[in-house]
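Contents: one structure, followed by commentary.
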Amino acid sequence: MGIIDCDNASISCTLNLNEDASEGTSNGVFCIFVLGGPGSGKGTQCPKIVEHFGFTHLCAGDLLQAEVESGSENGKMIEQFKKEGKIVSSEVTVKLLQNAMQKSTTKKFVIDGFPRNEENRAAFENIVKIQPDFVLFFDCSQEELIRRLLNRNQGRVDDNIETISKRLRVYFDSTLPVIDYYSSRGKVHKIDAQRPVEEVFDDVKRVIYKHYSQKQGIKTFTLI
């Protein structure tokens, strides 16, 4: 599929990502999509990326919920869609992401669990007018995903075998084609997500440092 596996980095000088990117995608924006099945560790790794690198963390689901809680006309429409079991349009979701990006004080973004499908992907590129610098794909077997979802203790009503099976089916049918799309363009970095959290994050750091340094024309860097 053209997936790029992370490799060992040459270590020579320190690279600081706590300064805004001057290069990358359009207008200096540095954007990472984080994808993987439910239970693959996205919700664990994204806050670590934010803490370590100073990225702005955006989650489409959180933005939709915040819009509902705001009581705006847009929020009322989203709430009605949810009550009726309808899917909020990609355009609405992407415009919420775009608005959050425009309001952010940094131009470095980690976008969690998005795009979920090809319609999301196309809408983001058409409306926001950028592509991700790269995609972090947390790779995890179906068996491990099911085990994690059944074992985690978050009080979620969707953590039962029936709803888990539905969520996995949506992921395999809708999100994997997005990963394939970006893989064919050499933008996907596959991370083995079945290891301990810190080992996974070590690889995440390596990929981010390496990619950013290449954008800045730095040949060697130090992981910190």
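Any Cβ shown, glycine's included, is placed from N, Cα and C.
Annotations in TrEMBL come from automatic prediction, not curation.
Keep in mind that what you see is a predicted model, and the values were worked out from it rather than measured.
If you take the C-beta of Gly41 (ATP binding site) and look for same-chain residues 6 or more apart in sequence within under 8 angstroms, you find Phe138, Cys140, Ala193, Val197, Val200. Look at TrEMBL and you will find Gly39, Ser40, Gly41, Lys42, Gly43, Thr44, Arg152, Arg195 tagged as ATP binding site.
Taken from TrEMBL, the feature ribonucleoside 5'-phosphate binding site covers Lys86, Ile87, Val88, Gly113, Phe114, Pro115, Arg116, Arg156, Arg167. Counting every protein chain shown, the number of other Cβ atoms lying within 10 Å of the Cβ of Phe114 (ribonucleoside 5'-phosphate binding site) is 24.
Summarising the annotation, TrEMBL assigns CMP binding site to Asn120. Listed in sequence order, the residues of the same chain lying 6 or more apart from Asn120 (CMP binding site) and placing their CB within less than 8 Å of its CB are Ser90, Thr93, Val94, Phe114, Val178.
Between the alpha carbons (Cα) of Arg152 (ATP binding site) and Lys86 (ribonucleoside 5'-phosphate binding site) lies a span of roughly 28 Å.
Summary: among the binding-site residues (Ser40, Thr44), the fewest other C-beta atoms within 10 A of the C-beta are counted at Thr44. Whole-number maximum of the Cα to Cα distances across the ATP-binding residues Gly39, Ser40, Gly41, Lys42, Gly43, Thr44, Arg152, Arg195: 16 angstrom.
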